[in-house]
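Take a look at the structure below.
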């Protein structure tokens, strides 16, 4: 803990503290982390950045993202797959507990998102959570957190491929093998993700948000005017059973919580977003706007769909409406699913790309090496995500496992420790505010570990049970996964 410093000190002090602390730990000479520069400078028309080095006119500008575009990317990183699982979580927990859990997780993860921005301002050489791992825990911290970060994003990308295969099967009425549709999704997302900078793909974020929102709005309206949900049994012997507070088993309850955590698990991508912002100090503004809009949308969609569908909620939720509306919803959602997937592939590939070329002239220059490494990272990331999608071809179980095993570690525990590390020797140490903030972060950290351990156990038990019951399709299966009769 003695390595921490205060964010309330001057920028010069912060820089000196960071270098002194890393020197004490023997970490200053790390070849993958450039020496800190608190702000990029204009030197002879070139932008100098602590991560990207010198950015000149003949290469991609990796520091061109406005706060509004950053907000859109944050929203699209999360509003997509996550929103499609929330009605199921409400069905498990009940209406009131579902709302309470969403708000609680929004506050905890929102705090983590804020810490990402402040930590970046204090330590400009940080680009991903792997850099944070090195700063806090040394070589193994970088490798463990870096791998967890990369694996989470690749796994979520796999869920994107899976959801797109469901969409294609729904729209075409299973015109071909499901594996083929997953390959089509991989090619589309991989091609779009190869655009080099986040600023250039931000317009796809706008398109993706419009796509997903139009889809869920269509779903809500359709459920409101229809006679019954599509999964309700034939005849009149059925009724919608919505509960103010349900009484699920421990396994089901924890799985529902992990589904909600998954819907907020975009925090690892925020490191890359703030790292490419034109003005990193505006990141807090984008987090507040993005988190508020996101939570509002989540609450409305989950509550409305649960109210009108009750226990007859499909997975993903877009299949809850009738046969025709289901096709319409998935058709509207396809661009949004692709946009979410491409941001994820882009982020995971860029992490590896920066690791390979950091402190090399090829990192921000349009050289053959630059392009070869970049397109290679995109291709390998897409292929691995495809393998995950086909190896675990079931939506809710997959997102629950990702939320528990990786989401909490990267989105809660790491950020709370980052705050403690930066504030351990703050000038206001010992004050009531310092103790209150320290206590809050310790509590959040503990909550994260409880969910990680119990949630991973619950997800594994559920997957094993579903396989035994024959409720899940086999890996790399051509079978229709849309749930259509």
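The backbone N, Cα and C atoms fix where each Cβ goes, and this holds for glycine too.
Check TrEMBL against the ranges 179-196, 269-286, 467-484 and you find transmembrane segment recorded for 179-196. A contact between the transmembrane segment (203-225) and the transmembrane segment (330-353) is present, since 3 or more of their C-beta pairs, 6 or more residues apart, lie under 8 Å. Ranking 89-111, 179-196, 398-421 by CB pairs under 8 A with the transmembrane segment (144-167) puts 398-421 at the top.
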